[in-house]
Amino acid sequence: MARSRSSISKWRFLNPAYYLKRPKRLASLLILFVCATLVVWDRQTLVHEHEEEVSKLNDEVTRLHNMLEELKTGHSGVGTENVIEQSNEKMKVDVSEDPIDIERRGKVKDAMIHAWSSYEKYAWGHDELQPQTKNGVDSFGGLGATLVDALDTLYIMGLDEQFQKAREWVAESLDFNKNYEASVFETTIRVVGGLLSAYDLSGDKLFLEKAKDIADRLLPAWDTPSGIPFNIINLANGNPHNPGWTGGDSILADSGTEQLEFIALSQRTGDPKYQQKVENVITELNKTFPDDGLLPIYINPHKGSRSYSTITFGAMGDSFYEYLLKVWIQGNKTSPVKHYREMWETSMIGLESLVRKTTPSSFTYLCEKIGTSLIDKMDELACFAPGMIALGSSGYAPDEAKKFLSLAEELAWTCYNFYQSTPTKLAGENYFFNSGQDMSVGTSWNILRPETVESLFYLWRLTGNKTYQEWGWNIFQAFEKNSRTDSGYVGLKDVNTGVKDNMMQSFFLAETLKYLYLLFSPSSVISLDEWVFNTEAHPIRIVTRHDHTGGKSEVSDGDHLETRSRARREGRFHGN
């Protein structure tokens, strides 16, 4: 009986009625249950989080192992240092980045993919794509201009598969031994510049070897009594000459826009001949450099004398002034390149003398000059100038720097309105200014030029003012609306009517889309402290110059590169 009563006494704790009669014990039991539940739940959460962390660590170990294997195998010709740099870049996350910038950058990348895949499908290996007729044309002698021009854009945008396929074409099919009368200027900025940039970005020596090959074919152009180069050369036999329409003269921009590329080539190969040829040009021009720093667009290659002709920051003059500034930056602003900066500042005195304002809206513009007469005309090509002025403004004392930056911003507003003033919101080739009428389109085609977007990129990087991003986005949307076809991008025969042409210029991929992409990228992507862009938007690493002015660069291919942590391009208008 005693055991039976004891058993019943134990079971009473399982009877709910027992607790209903004893509220305090019920409350204690509930508290105990809740505490136990929390302990179990917390333990399970910790286990789950631990499993996730272990999984992430395993993934990271796998990634590092794969990277180590890539380093051992040389990563398809890319240098070890570059693989590490690429991996580090991919590991960086900018948590503060604006989601709108990310979205817009993605849209620009999509545009590049569309342009490139169209070229790949219809014009692979040719110089340029004709989207309307879906065929390729060899506008530059069959040097694969679009492909070479786009190499660095593909690399910067992380389009690795496309970049590797393009590299294979360069390795197997790019041949410079062609009976073709090549523009020294265009071949330098697009081909030499494109190959050098691909080398500086990837470390792949294939690109450096190809750049040296084409540069060697161009060198005889500088064999003149004055050192001022002829502007045309046959790539097969090396015979140079000037176009007939210049009266035998050389063109200022064409003769003074090879310095960045050829200096870089000497630095990376250790061979001084490239640098010496192009720096002799600047030495010759500096002997009789005018007080206002403005040179006419025609120069006699035999005497080095200047011919009576137009002075302009537009076609055939523009990039000469650009390279005076950029060679100074390329050399890390050291004493061997000081004279470039001095010449550029002198030219800015002349530029200020060409500044005028419209009525009634007071748009600031740069006019042209013949003799003492001013012409109220400005090329869209001259819209590189706001970016150039902004880039160079920091080299002045504070008051001068502020003045020039303000001028750059005023000119950029005018260039943006070149776009906004037309029905298509795309700019014409040039503009005229008449009293009381502000601006009117002169030559009304648009061939996908980059100059205004280029200046917006520099102003955004240098001021942080997001207004420049908004302007750039509006221009991009206008390209998307008016120039995009199902087989690439085309220019417009007329920005007023929107009638399309049949050419996707190589510089649309090399420059316009690259600058738009960088406009919405963090400033660490192709930092202006480490890179300088040639006039075709190919970034070239800044290397500190230690040589004597006009002498041999002391940096060779095996040395450590000490870096800091427009007719610019002719284009081809086709009416068909």
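Using the three backbone atoms N, Cα and C, a Cβ is placed for every residue, glycine included.
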Residue among C35, C415 that, according to TrEMBL, closes a disulfide with C383: C415
Range among 47-74, 75-102 that TrEMBL annotates as coiled coil: 47-74
Spatial neighbour of E429 (active site, proton donor) that is closest, considering only the recorded positions E186, E451, T535 and their CA atoms: E451
Other CB atoms within 10 A, centred on E186 (active site, proton donor): 24
Spatial separation of D318 (active site) from T535 (Ca(2+) binding site) - C-alpha basis, Å: 10
Integer Cα-Cα distance in angstrom, E186 (active site, proton donor) to D318 (active site): 14
